[in-house]
Structure formats: structure tokens, C-alpha cells
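Inspection log for the structure reproduced underneath, given as C-alpha cells.
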Amino acid sequence: MTSSGKVRIYELSKDLGLENKDVLDAAEKLSIAAKSHSSSISDSEAGKIRSLLGKGASPSQPTAPAAKPAPAKPAAGKSILSVKKAPASPGVTAPVAAAKPQAPAQPAASKPLQPSVKAVAPPARPAPAGSTSAGSTPNKPATAPARPTAATTTSTPRPAAAAAPSRPAPSKPQGAPKPQVVGKPSAPELVSKPTPATKPTGAAKPAIVSKPITAAKPAVVAKPAAAKPTIVKPTAPTPRPASSPAAASSAPPPASTPRPAPSRPTPRPAAAPSRPGAPQGQKPQIVSRAGAPPRPGTPPRVGAPTKTGTPARPTPRPELVGKPVPRRTGGVGAPQRPGTGVPQRQGGPARPGAPTRTGKPGAPTRPGGNTLELVGKPIRRDGSSASGRPGAPTRPGAPTRPGMPGGMRKPVAPGELMQLQKPISRPAAPAPRRPDAPNRPTEAAGTATPPVARPTAPSAPRRPGFRPGAPGGQRRPGRPDWDDSAKLEALRSRSPQKQRQKVHIIGENDDALAAQTGGFAGEQQAMVLSASLARPAKPKAQQRTAPKPVAAVRKRRKETARQRQRRRAMELRAAREAKQVRPEMIVVPEDNLTVQELADMLSIESSEIIKSLFFKGVIATVTQTLDMPTIEAVAKEFDVPVLQDDVEEAAKKTVEMIEEADLKHLIRRPPVVTVMGHVDHGKTSLLDAIRQARVAAGEAGGITQHIGAYQVEIQHKDEARKLTFLDTPGHAAFTAMRARGTKVTDVAVLVVAADDGVRPQTLEAISHARAAEVPIVVAINKIDKEGASADRVKQELSEQNLLAEEWGGDVVMVPVSAIKGENIDKLLEMLLLVTEVEDLQANPDRPARGTVIEAHLDKAKGPVATLLIQNGTLKTGDVLAAGPVLGKVRAMVDDNRQRLKEAGPSFAVEALGFSEVPTAGDEFEVYPDEKAARAVVGDRASNARATRLAQQMASRRVSLTAMSGQANEGELKELNLILKADVQGSVEAILGSLEQLPKDEVQVRVLLSAPGEITETDVDLAAASGAVIIGFNTSMASGAKKAADATGVDVRDYDVIYKLLEDIQLAMEGLLEPELIEEALGEAEVRAVFTIGKSAVAGCYVNTGKLHRNCRVRVHRGKQVVYTGDLDSLRRNKDDVKEVATGFECGVGADRFANWEEGDRIEAFKMVTQRRKLTT
């Protein structure tokens, strides 16, 4: 014993008088970790080994005699086993050969002894009565290996057991284990009744039968046949009269001939354990502890022999001590030993097709044979006996299982043994009966259907089907064997035999099968797999359904995360390639696109755009926002034209003002005419001529900067007709205004100056009119000026698909002179003719709907909006909602400043009473009450906030084309502005113009932009942020001027947009650092070199300009510059001078340069600072 209180294996072997390997075998069966004779084990583990080896010795002897009858057969195959232990019991001689296998069986027996410790199914236990009495202890069943058929059944089920026997226990005669049986009083019974030898739990063990192993069934088939021989001896005592006659008749033939296993030969080489006897030891894992309550849902085994001593207590279904294994009934047709009256597990239904053993009175047959659980290794049941009669039991009392050849069995191949180790628990629900299985339990004994021929078991990965047993045998359980709940139950009830479970090698060769057992721990998975592999193939009918789930699992399992990523990448690539078609044109919304959005629009990879920008000197990311020039440059590289969305989208009519309910009340309404064209082409002058007013003369700078709405009444065919004119700005900054004017118009008048022709804003106006789908009437203005050519204008317009009527087109073109009033009447007549064709109608009897043309904040009136009513009638006091702004009309005035009480369709009015300045371009609608209007406004307000936030983010974006090195280094300067204008349209125009200013080194940030006067709050904000306040056509509120003076805030007021933009650009340039530039002074030529001490002086002649002392010089020698630095001394006739002019000679010296040579050219210059300009 070691100092820590542990015992070494070699010390224990000395105490027991055994060899080291015998003790190691016993430790292995008990799942005790012991690698060599010097390994240490605890006292409790040593006690277990002592009890196992001590008890096993005695039983083996009695078992040997029992085995005597069978020795002949087993001896041949099991000669390997040593007969040493067999002699222990008299009469064992003949069985000795068989005993060798039993030696392995003995280990098996030991495992049963440990069932509590290890879930070792008691292999065939020889002890009948004794076992029975001792059956209460699981250990005894372990000894059961000696027992014949019953024992076999028990041992067979344990696949793990089979693995355990990997190393033969020949050194230890089975006699050792058998002694355990002998120890039990039932030992004598064993001879008389080999089957009873199985411990009561052993009876449960028979459930092992479920495992389809032909060889294994007889006696721990997985175990070497040696164990069987032992069983054979008990078989010798034919005393098993209880068995049905059919069983008796069939018994001998099976012993002589292996059961017909259609799919594979009776001995399954794969299933044969490496060591014959050991398998039985492993089987004990399956052994259920005596007295253990049957597992819920498991039907009692039919025909399983029960210990005589335990009849009172229903034999509990063997619990899966180790790996769960389906229990099998005692061998089919194997009669119960006489005298074993232990009833079958109580409550367990008789297994259909399994004959009840005569010896078991009152044992209910198990109706749900399908629900059998694999307690140990499943054993193949063959319906046919040697005699060919299926269901014929082996010799009465023969321990061998029905259908198994008598005598010693050939050891199962290690590979198959591993497979057998997979435990399978079956759900209580009956599985579908196999076609070959008899429907009734009684049929089993009488008429047995011949077993269905099955193909040979496939390779390890394939789940072998179940081989049918004798007619009386259990039917093959179906998929229910793999029920998760049953497995989990088995895991809970099984004894700690985890080390033993490690034996499964299945994982080495079969990954696919390992995948099938998902949801179980590694060891349990391997066990389950091994059990499934041990089964023979199913009949074809069932095979179709069985593989399906496996295939599905495999399919899912095959795809790894990397494979899935590759597949998705390929799908995305294919999708991109499919839509790799370049668009004919892209429309850029609101001059704002990210790299990724542009890539999607161009149907190219974002990396291509990033690469293109990189070669242009711009570092970009996929989320970088691009400005319009950059978008156009990138799109041009890919040959895709770009169109700004606001050019067309803003001009589209999105809301239909006429509803279905208005159709019965429509009347003719006046047309709305929008006057558009390039700046200074005479739009407002033309309107003045039509209105006979002088509006243009009163406009700042002579240009229109907001929309004007006017109504003109003219005579046409002796009838007064009204026309509503909208005058739009022509400056490039007022694109949004022009778009809004076109959106509400019925006819567009395109004004083109005859002396200027088609200009950029002319083209934009054309695109607006086309987007709004309104007819165009061209007014060729200024025909009275010199150099005017109407035909040239028509030619240029024809290039824009506007062909004059006189040239065969459909566009009305009228030459006019706004100053002289020429052809004005003709133009109006053409407008009325065009609008008559349009059939313009509206319903004046409904609440008004229309569009906000312009809006501003008046310091006296508050928010004021110019509304164009497109349908219905607007009255004073109406509650209306204009976008997210709520208003109640307090007053209305027309273009002549006359107050109105109501205004009909196509009328333009200025309305007062809004809660805030509405947004120009929003539609308005009158609601019956304020509550309904507020509900609508609430929803719109939340949307407006989100839109505003997006716009603010967009205004802060950095243009890629404007990004410079200084900006990357954090030296980008910012000019903060606060913008206040008279109307909303002017604010939009100025913001749009500021976006076009170059931002290489100075970024413009608009902190606040709104219509209205400049307030003290604006001044405070400007003072806090260092901003400049820009006012456009607005004034300052009281107190604002004083606050601005006090805080030193710069407030600028403008009335012409040109001047405003010019000053802002100058302010941006003022933030730039001045740059140093060279200013040339003159040149001189070296004609002589004088050495003075260590330095040298050059005698020079000034050719051009002047030389200044301390100026910068470059010395050129040929094509090279040999020196650049300061000119330190300048002398003339030995006098220091400040400068030498052209045509004079002088001496030049530089402290850092003395290598003068004749012919050198001296270039004199100085560095001066210069104000920097913004570069576009």
C-alpha cells in the first residue's frame, strides 16, 4: 500500500494469488483506471476487484460443468481460452475449452457485479437459483456470464462489454467468474437450469436481444464464444422443460448450425470482441441492477428468465447502467428454466411475436415488442433454427440463445464489437412491426415467418438493419430506438461506466455517423453509433424512410461556416454580374450620394469607384459623401451621363388636385402661366408689358429674386378672360424656385433673348417644363435690338427638340418686344388657345387645396405665404395645414394689395395667420376644424424634423473634390454664417450657391438659415460661435443692432445675390494664410573671381534689374544650380552698397559659398507675401 492509502496492482495480485493481468482485466471491467501492474488504485476499488475475483472464482467452477455439453463446439472456436480456471470446478474439463471463453465472460460477470458502479450488463450468468437470490445485487448478475442462454442474452446486449473484453482474459479461467455464480446457492440450479442462472436483472438484460448481432446473441455474442461454451454446459441440463415445445425442438439445431442471418453470416467478425471473454464483462454494463425499477416506458422482457429467489419482486426492467441498450427477451423460444417463477416485469406488456416461456408463469408477454430497448449490444435474432423451422428453440435448457449455433461462438471482430457498443434506448411506444415479425405473441412459437433476407451490413457509416429473430422472438424495433427522451432516460439511470465507454472507436472511421447523434455527449454519441452500426440492414420498405433523416443531417453538417460564406459570396457575385448592365443615365438626388450609393446606381463595385478617386488624388470610403462635380467626374469615367434630380423631380406634379368627388361640379378655371428663361432675357419686363406695370424697375439690381404671382384680365372674343402669371427668377441660384413655378403651372412661357440665344437656364427651364408635362410657348424677346435674330433662336431651340410651327413643329414661337410692346396681344392669344386645348377645370364648391408658392416672415405681419389655389375656394377664417405648419387665414390680399374675403381656383393670394413660415413648394389643404388639421400636422412635423436633420448632416458633409492636404491634417478653416432672408425661396437659393463655392481650404458652415428679420438671438448665437450674420432683403429687429455693436458681431445686409456671394468668397479668402512668391530682382554675370583669405569674391556685371544686399540669389553654372542662398555682401569700389543697378559692376560675396567660377550666372530675387485666392 502506498503512503496515500492506495494499493498497487501487483500487491493486489499477490494478495489474491493471481497474475497481474488478471487483476488488470478485472479493473478494466470495473472501469477502474489501471494502466500497468504498478498503477495505484484506492482501497474501495481494490475491494471491488477482490469481491469480483473472489466471487467469480467459485461460480466459474459450477459454470464449467454446465458448459460441459457444449464444449465440443466452443472448444474448436474458443481453444484460445485457457482451461486453467475451468478445472477449478469438477467436470469442467469438457467445458474447459468453453470455459476459456467464459474467462472473458467472467470479466463480464465482474462487470455485472459492478453494475452499480459500471453499467455493465451482466453477461450470461451461470448462477440460476443462486443468482436469483443474489440477483438483488447487480454484481451477481455480472457473474451470470456463466449462465447459459439467459446469461448470453444479458451479456450480449452490452456492446460496451464487448469492447471491454478487448483483451482476452484467458489467463484467468472463466472459472474465476463462475465461482461467483457458484457462490450463489443457485449454482446447483445452474446445472439444472442454465437459463435461470441469469440474475433477475439479467432477465431484464435479455433486452439486449434488440441489438442485432447474430453471434452475440448466444452468449454475449460480442464476447468470445468461450463464454457461450460455459453457457452450453448449463444448456446441457435440458431441464428447461418450461420452454415451449417448439423451442425445445429447435434448440438443438440452432446449436449445431448458426442462425440464418440473411444479411450477414452468423458470426459477426466485426462484432467479435478482441478478447473472447472480455465481451461478457462489458455486457455487464448493460446489467440492470436487481430491484432497480424498470425504466419508464420500457416494456418488460418476455421470456427473460428470472431468478427463482426473486419471484415476489417483479423483475425491474434492467436500467441502462452504462450505455442504454434495448433489452431483449430471453432467447426466442428458449424456455424458462423450470422453477423460475419470477414473473416478468410487472406491467410490462408482452412482446408481440415473442412466445412466453413456459417456465415463467404469469409473466405477461410484452405486446410492444417493437419498443424493446437495447440494454446491451443488440443481438441478431434469427427466426430460423438449424432445422430450418423458424422459432424452433435451441435445446431445451440450452443456455445458447435461440437461433445461435450451439457450442462455443467465434469471437466477434473488434470492429463490429465497437459498433455494438452503441446503446440504443427504445421509446415505450411500439415501433412498427417488421413484415417478418409475427403479429401475436402466440404466433411466435407456432408459425414463424421466415426471416427476411437482408443484405450484408454495409460499412461502418451505415446503420445496419435489424435481423428478424425466431417467430417467437422480438420484433425489430424501429426508429423509436433512437428516441432522444429514451436515450436521456438511459443516461440518467446508468451507472458510472464512462471510462468503459471510451472504448468506442466509431468516431475514428465514421464522422457522418457521429453527426447523426447530435444532442448527446461525445461518449454517448459514440455508443449510440456503435449500436446502430451493429444492427443488420432494414428491409427495403423501411430503409427508404430510415436513411432520409440521416441524409438530411449529413447535408446540413457538410456545410461549414467557411463554405457557407463562399457560397453566399458566389451568389452575390453572380447577382452582381447579372446586373452588370450599365445604366444609360443616372439621376442624382439633391446633389448628395455616397460612394456605395453611386456604385449601386452605376452597377459596379464600390472598390472601382474608390480606386478611380484614389487615382484622382482623393482618399474615400464607401460611406463618404460625394459632391456633384465628383459624381460627374466618376460617372464620366464609366461613360454614364448624370442628371440632377432636382432639375426634373422638383418640377413633377406629384399631387392630383382634382378628386373623384369633384367630377360632377367642375367648371372652367383660369390658366396658370409660368414665365421662365435665362437671367436678363426680359421675363419681368414682358410681364410688365402684359400688366402694363413697372415691376422690373423696382427690383433690386434689375433682377427678380422671388416668385411673383399676378392675375391679368384680358378681352378675348368679346369675353373677359383671366390669366394668372408666375414670374420666376432666372439666376442660376433659383433653380428650386423655377421648379416650384413649373410644378403648379398649366402653360410655360419660355422667354429667350433674340440677341443672346439659348443659355444654361434656358435649357433648365425646358427640362422643368418637360418634367411637369406642360405645353411650352416660346417668346423670342428683344427683337428690336440690333443683332437680334429670331431664326437663330429657332435653330438653337430645334436642337433641343423644340421645333417651331412654321418649321413643321408643334411649338408656338412668338417674336415680341417687351420694351416696345410688340406682339404682346398675339402672345396672349396664343396662350389662351393653348390653354383651351388643355380643358382646365376645377370645383369651386369645395374646401381649397393648392400649393405654397412663396413664404417669408414679415416683422409686422408675421409669417406670410403666397398661396396658389388649384381647386376649391379659400375663405377668411379657414383652418389649413401647409406641410407641417398649421394656419388659420386671418387675412388675404391679391397682387394689387386689395383685401379679399375669398379666392377661387387659379387665384394667387398672400395669406396671413400661419403658426410659422411654411416651406415653399408644400401643398396646403383646408380642414373642417382645427382638431383634424392638428392631427395631420403632427405626423408631418415628425417627418419634417427627420428631413431637417438629414439636410443638416448633408450641409456638413465634406466635398471630396474640395478635400485638401490641410483638411486631412486638421487645418481646414471654417467660415461660420447665420443667414436670414426675406423669403424661404431666397434662403434656398443662397444655400445652394454657397455649396458651389470652392472649399479646398475653407469650409462654409451655415449655423442657422431662416426667413425673417435679424434678431438679438441671432446676434448672441453669432457671438458665441464667431459667425458672420448675412441678411438678404431683410432688416434688423429692435435691439439687434445695439447687441451686434456691443459684441462686435459682423452683420452684412445685401439685396443682390451676386454681391452677397462675392463678399462671402472674399471672406473665405481672408481666412487663408498668405502665400510667399518669388519676385525677380535682376541678373548678373561673374567675370572675375578674387580670393580674400579663406573666402572668395565674385566680380560681377549686372545685366538686368538690380542686385540688393541680403536678397536671395541662385548661382547657375551651365544648366545646374550650384547655390541658392542669401547674398551677404555687395560692394562697389570697395564700398558697401545696398543695391547695384543695371550696367554697373560690383563685388558679390556669400558666407556659405566660395566656389565661384567665371561665367556663373547670378539670379537675384526676393520672397513676398500675396493674398491667396480660392481655387475651384
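Using the three backbone atoms N, Cα and C, a Cβ is placed for every residue, glycine included.
What Swiss-Prot says about this one:
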BINDING   677-684, 727-731, 781-784  GTP binding site
COMPBIAS  32-44  compositional bias 'Low complexity'
COMPBIAS  57-79  compositional bias 'Low complexity'
COMPBIAS  94-166  compositional bias 'Low complexity'
COMPBIAS  193-235  compositional bias 'Low complexity'
COMPBIAS  388-409  compositional bias 'Low complexity'
COMPBIAS  439-469  compositional bias 'Low complexity'
COMPBIAS  478-492  compositional bias 'Basic and acidic residues'
COMPBIAS  553-567  compositional bias 'Basic residues'
DOMAIN    668-840  domain 'tr-type G'
REGION    32-502  region 'Disordered'
REGION    535-567  region 'Disordered'
REGION    677-684  region 'G1'
REGION    702-706  region 'G2'
REGION    727-730  region 'G3'
REGION    781-784  region 'G4'
Q | Secondary structure of ILE783 (GTP binding site) (DSSP, helix/strand/coil) | A | coil
Q: List the helix, strand and coil residue totals of the compositional bias 'Low complexity' (32-44) as derived from DSSP.
A: 2 helix, 2 strand, 9 coil
Q. Under a three-state reduction of DSSP output, how is GLY677 (GTP binding site) classified: helix, strand, or coil?
A. strand
**Q.** Distal contacts, the region 'G4' (781-784) - CB-CB under 8 A, six or more residues away
**A.** 681-682, 685-686, 751-756, 790, 815-820, 822
**Q.** Number of other Cβ atoms within 10 Å of the Cβ of ASP680 (GTP binding site) across all protein chains
**A.** 16
Q) Any idea what DSSP makes of LYS683 (GTP binding site), helix, strand or coil? A) helix
**Q.** Whole-number mean of pLDDT values that fall within the region 'G2' (702-706)
**A.** 47
